Amino acid sequence: MRAAPQPDVPAAGNATPALYRDPLLLRAAVAGRGVVGFVPTMGYLHEGHATLIRQARRACDVVVLSIFVNPLQFGPKEDLAKYPRDLERDLRVAAGAGVDAVFYPEVETMYPPGFDTRVVVSGVSEPLDGAARPGHFVGVATVVLKLLNLVQPDRVFLGEKDWQQLAVLRRMVTDLNVPTEVIGVPTVRESSGLAMSSRNSYLTAAQKERAVVLMRSLRAVQDAYAAGERRTAALRQAGLDVLAEEPDAEVEYLEVVGRDLRSRDILPGATLPSDSVERADVDNDAMTRVLVAARMYGVRLIDNLPLDGRGGGA
């Protein structure tokens with residue numbers, strides 16, 4: 001019987017998962033072991049990532065985690081150079097959550113000399129973060145498609161905190177017939193309600209407490225909706241009023257959106273003329289999510305919640 005392929009990078013310790021830079025060795029190591037679950041990350045793992053891993057562990061026979069800080073999704077003035085990195089810590093988190101193998105590719109593996117292909121997902125990638133960060137979702141879609149091709153998982157697990165990213169990748173997988181099931185996992189939050197993010201490490205404890213204003217703004221929109229408000233402008237204003245109370249919050253957007261990630265003027269349940277053309281448009285694409293993005297203390301933060309108050313993370 002052939003021995004299992006050995007990792008091409010020594011593990012940090014006996015308790016850490018096998019580490020691979022070569023995708024061929026990785027695929028050989030997981031071949032024939034059943035359903036493969038995959039969690040793509042940029043590293044600096046936190047409890048949100050651990051939750052994704054545990055979800056994959058429960059649903060799959062083998063779990064692969066990737067760690068790759070993707071230069072293609074950072075703009076020229078963004079934080080690529082200072083993005084937090086700590087491989088040994090990441091391997092400990094991965095081991096504790098149940099990862100079997102870690103894919104840790106070199107930049108040259110992902111983007112060899114002469115690489116000149118980009119994946120553009122139109123429509124859902126264009127508003128919100130797509131408008132605020134030109135080219136960002138091109139970089140995300142390109143790297144995730146490459147990772148799916150290299151790892152060849154049965155299921156990929158993605159966090160709902162990056163709601164628009166989740167929508168973009170679902171559309172890409174569907175349109176390109178990628179044989180991988182996309183599974184969204186609810187947002188994990190700190191005890192204060194702040195959505196967990198690797199970029200939270202840039203904030204002090206006091207700044208994190210102030211950043212909870214994003215969550216409070218989303219709750220204000222939910223409350224207005226629960227009270228019967230169906231006008232998008234009024235719902236948005238309810239959230240913006242909360243954000244205005246925090247002088248350190250530089251708001252990029254706060255929007256109530258439907259499946260296409262675009263806003264409508266009126267929600268289902270509003271009183272409209274019986275012959276209104278807008279009624280069919282609204283009813284066929286109910287706005288289901290409220291999304292917010294803001295900069296605080298030089299850090300860009302995003303969050304979202306379902307409009308009807310169900311779900312949204314713990």
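The backbone N, Cα and C atoms fix where each Cβ goes, and this holds for glycine too.
Keep in mind that TrEMBL annotations are predicted by a computer and have not been checked by a curator.
The feature ATP binding site is assigned by TrEMBL to 42-49, 159-162, VAL188, 196-199. Proximity of GLY48 (ATP binding site) to non-local residues of its own chain (separation of 6 or more, Cβ distance below 8 Å) is seen for GLY159, LYS161, THR187, VAL188, ALA195, MET196, SER197, given in sequence order.
Classification of HIS49 (active site, proton donor) by DSSP places it within a helix. Sequence annotations record features per position, and here TrEMBL assigns active site, proton donor to HIS49.
Taken from TrEMBL, the feature (R)-pantoate binding site covers GLN73, GLN165. According to DSSP, GLN73 ((R)-pantoate binding site) sits within a helical segment.
All protein chains shown were included, and the count of other CB atoms within 10 Å of the CB of GLN73 ((R)-pantoate binding site) stands at 21. For GLN73, the entry in TrEMBL reads beta-alanine binding site.
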Using a 10 Å cut-off, grab the number of neighbouring Cβ atoms around the Cβ of VAL188 (ATP binding site), all chains included. 20
All chains considered, the count of other Cβ atoms within 10 Å of the Cβ of MET42 (ATP binding site) is 18
Cα-to-Cα gap, LEU45 (ATP binding site) vs GLN165 ((R)-pantoate binding site), nearest whole Å: 18
Across all protein chains in the structure, which of the binding-site residues GLN165, SER198 has the highest Cβ count within 10 Å? GLN165
